[in-house]
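Enquirer: Pasting a structure here, questions to come.
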Amino acid sequence: MSSAEVIPPQKYGHPPPILLTLTILPISLCLIVNPLLPLILHSIPSSNYSLANPDGQPSFPALQASIGFALLAFVGVVWLVPKVSEAFIQKGLRGRDLLKKGGRISGPWIPESLGLPCASWYLALMMLFIPFPFSHLFKSQSPSGPESFPQRELTLYLSSLLSLLTATLLGFIDDLFDIRWRHKLPIPIVAAVPTLLVYYSVGGVTSVVLPKGFSGWLDTLGLARWLDGSVVDLGPIYYLYLILLPTFTTNSINILAGINGVEVLQALIIALSVLINDLLYLPIWSPALLDLLGFENPQNGRVLDWAIGEVVDRHLMSCYFMLPLVGVCTGFLWHNWYPAKAFPGDTFCYFTGMAFSAVAIQGHFSKTLILFFLPQIFNFILSCPQLFGLVECPRHRLPFYDEKTNLLNPSLVVFESPPPLKTTIVLEILSFLRLVKLEYHRPPNSKNSTEKKYIKSSTNLTIINFLLVHFGPMREDRLCMLVGFVQVVGSCIAFAIRYKVGSWFYGGDRR
């Protein structure tokens, strides 16, 4: 931005909800302070200040505090974004909304890269939260310190924070320098190094369970020596998969973008899906409710009766990260929803994607996490012909905005000459599968009506354009809600695969 250019003063972000803020703040502070009261007032039993219930189920006071931090995350982001937006504008971190009237030419300036303050607020809260999971150790410690401090849990927590901090920094660098796709692919790997190293140091599992009958098939091939019953140890190959996981989770959210609210909404739904999955493992459910729903052994307060011991601790740690992330995503969606008053930038995608990968790696549920990315997997596969150069890939594959109707239409990639044979074959296959819509052009010198046509244009290969092809033109906010609905359906399918199909496919309870 030149020094002579002056940005006219204006209000950025949607107005924060004052009444909602005044309601949430006292609740969040009570939830945060309540677990600490036994430390302050030694004469008061800790069970009075926890989530314990009269049925004698385990209490999780840190989970109560985490809910308070989640509410605080929402309030903080809702108020922080408007406060810092003008500074981002003045530093040149701004852009125009291309899908609004005026678009690139005369549309209002929107602050970009506001995933940075969101991630910063989240990291600050997560650092303040560090004492809470270990607060019970401070109550009855000796003068020389706690007798047995859970170093393993603390190491997992801190390494995840370090990975998130690194991902935030690298994401902001991407926003500043607009790194090319082929260069940005390895960036998440750098951020994942602390998490992967700690995973290795605590004896991270590298074995996988084979489907029913698969071990017998390998035995007939003479590969039985690689098996331990129905389990095979992948060793370094499994770490290669874990290295690729953050690369996928960060970039897949980044690819499915372009309309107001869509990046934040998909991150929010995935975070809620991971959180719901975590809660299935915790013994916090009402026995009366479980008995009503027909679960076995409802007195244990568990949805999954076999979820005990370390598996509970792993998913509890995941809850600590996902609850504030839900608050951050909800708060930023307040400003990023149509019409958007703030753009997340690549920083937000790196930060949320790494958060998902970190909890999945440390919690040993990386395969389950991938299931929550079914729409992103579909979008990536559909985008591959453009990402790998078979079909021309414009810089922006946004839908086409019709100013007269205020509706979005599928955007097109136009071929000025007949495309190569390999491109034609790929597009014809995608058209046969009804994934794209093609337009054909007949050569102008043609006299024979049966002369072979060639492809003139194709819709861009994204799930957003795919939805517009099948559901027709629609407003931007409705399109975002449709993408969100697809994400919710994908999560429902993921739960069905994980806890129904998986049990049948592998046999027994899948842990």
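Any Cβ shown, glycine's included, is placed from N, Cα and C.
According to TrEMBL, the protein carries these features:
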TRANSMEM  18-41  transmembrane segment
TRANSMEM  61-81  transmembrane segment
TRANSMEM  114-134  transmembrane segment
TRANSMEM  154-173  transmembrane segment
TRANSMEM  185-202  transmembrane segment
TRANSMEM  237-257  transmembrane segment
TRANSMEM  264-284  transmembrane segment
TRANSMEM  315-335  transmembrane segment
TRANSMEM  347-365  transmembrane segment
TRANSMEM  371-391  transmembrane segment
TRANSMEM  479-497  transmembrane segment
Enquirer: Would you kindly check 18-41, 114-134, 154-173 and say which stretch has the most C-beta pairs under 8 angstroms to the transmembrane segment (185-202)?
Expert: 154-173
Enquirer: If I count Cβ-Cβ pairs under 8 A between the transmembrane segment (347-365) and each of 18-41, 114-134, 237-257, 315-335, which range comes out on top?
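Expert: Most Cβ pairs under 8 Å with the transmembrane segment (347-365) come from 237-257.
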Enquirer: Between the stretches 18-41, 114-134, 237-257, 371-391, 479-497, which one has more Cβ pairs under 8 Å with the transmembrane segment (61-81) than any other?
Expert: 18-41
Enquirer: Counting only pairs at least 6 apart in sequence, do the transmembrane segment (371-391) and the transmembrane segment (237-257) share 3+ Cβ pairs under 8 Å?
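Expert: Counting Cβ pairs under 8 Å, at least 3, so yes.
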Enquirer: What stretch of 18-41, 154-173, 479-497 shows the most Cβ pairs under 8 Å to the transmembrane segment (315-335)?
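Expert: Answer is 154-173, with the largest number of Cβ pairs below 8 Å.
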Enquirer: Check the transmembrane segment (237-257) against each of 18-41, 114-134, 154-173, 479-497 and return whichever range has the most CB pairs under 8 Å.
Expert: 154-173
Enquirer: Go through the chain and flag residues at least 6 beyond the ends of the transmembrane segment (114-134) whose CB is under 8 A from any CB in it; none is fine as an answer.
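Expert: Here the qualifying positions are 35-36, 61-62, 65-66, 69, 72-73, 76-77, 80-81, 84-85, 88, 149-150, 153-154, 157-158, 161, 164-165, 168, 171-172, 175, 317, 320-321, 324-325, 328, 331-332, 335, 342-351.
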